[in-house]
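First the structure, in the form of structure tokens, and then the observations on it.
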Amino acid sequence: MKTLLLTLVVVTMVCLDLGYTRRCFNQQSSQPKTTKSCPPGENSCYNKQWRDHRGSITERGCGCPKVKPGIKLRCCESEDCNN
């Protein structure tokens, strides 16, 4: 009986996908592509671009941060959407 109950709990968790987290790219500028699993409840990714003395800079990650004027920001809500 305990085995049946445990099996039902596991199947329910798998079917409901309770542990789902968003995955976003998180590399900086021209670095090799890397991804990161976002914290639970964080459902968006961002791509932030600006220029400074080093040239054009790109930052990617989880969430949708507030930015200062002059910084381009694109937020999205699907897997790996911020490349």
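In case you wondered, yes, glycine gets a Cβ from its N, Cα and C as well.
Predicted, not measured: the structure shown is a model, and the values here were computed from it.
Lifted from Swiss-Prot, the feature list:
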SIGNAL    1-21  signal peptide
DISULFID  CYS24-CYS45  disulfide bond
DISULFID  CYS38-CYS62  disulfide bond
DISULFID  CYS64-CYS75  disulfide bond
DISULFID  CYS76-CYS81  disulfide bond
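Structural mapping of features recorded in Swiss-Prot.
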{"residue": "CYS24", "record": "disulfide bond", "Cβ contacts under 8 Å, 6 or more apart": "THR35, LYS36, CYS38, CYS45, TYR46, ARG60, GLY61, CYS62, ASP80, CYS81, ASN82"}
{"residue": "CYS64", "record": "disulfide bond", "Cβ contacts under 8 Å, 6 or more apart": "SER44, TYR46, LEU73, CYS75"}
{"residue": "CYS76", "record": "disulfide bond", "Cβ contacts under 8 Å, 6 or more apart": "SER44, CYS45, TYR46, ASN47, ASN82"}
What is the Cβ neighbour count of CYS38 (disulfide bond) at a 10 Å cut-off, with all protein chains included?
18
Which of the three DSSP states, helix, strand or coil, fits CYS76 (disulfide bond)?
strand
Students should find that the Cβ of CYS75 (disulfide bond) has, within 10 Å, a number of other Cβ atoms equal to 14
Other CB atoms within 10 A, centred on CYS45 (disulfide bond)
28
Among the disulfide-bonded residues CYS62, CYS81, which residue has the fewest other Cβ atoms within 10 Å of its own Cβ?
CYS81
Which of the three DSSP states, helix, strand or coil, fits CYS24 (disulfide bond)?
strand
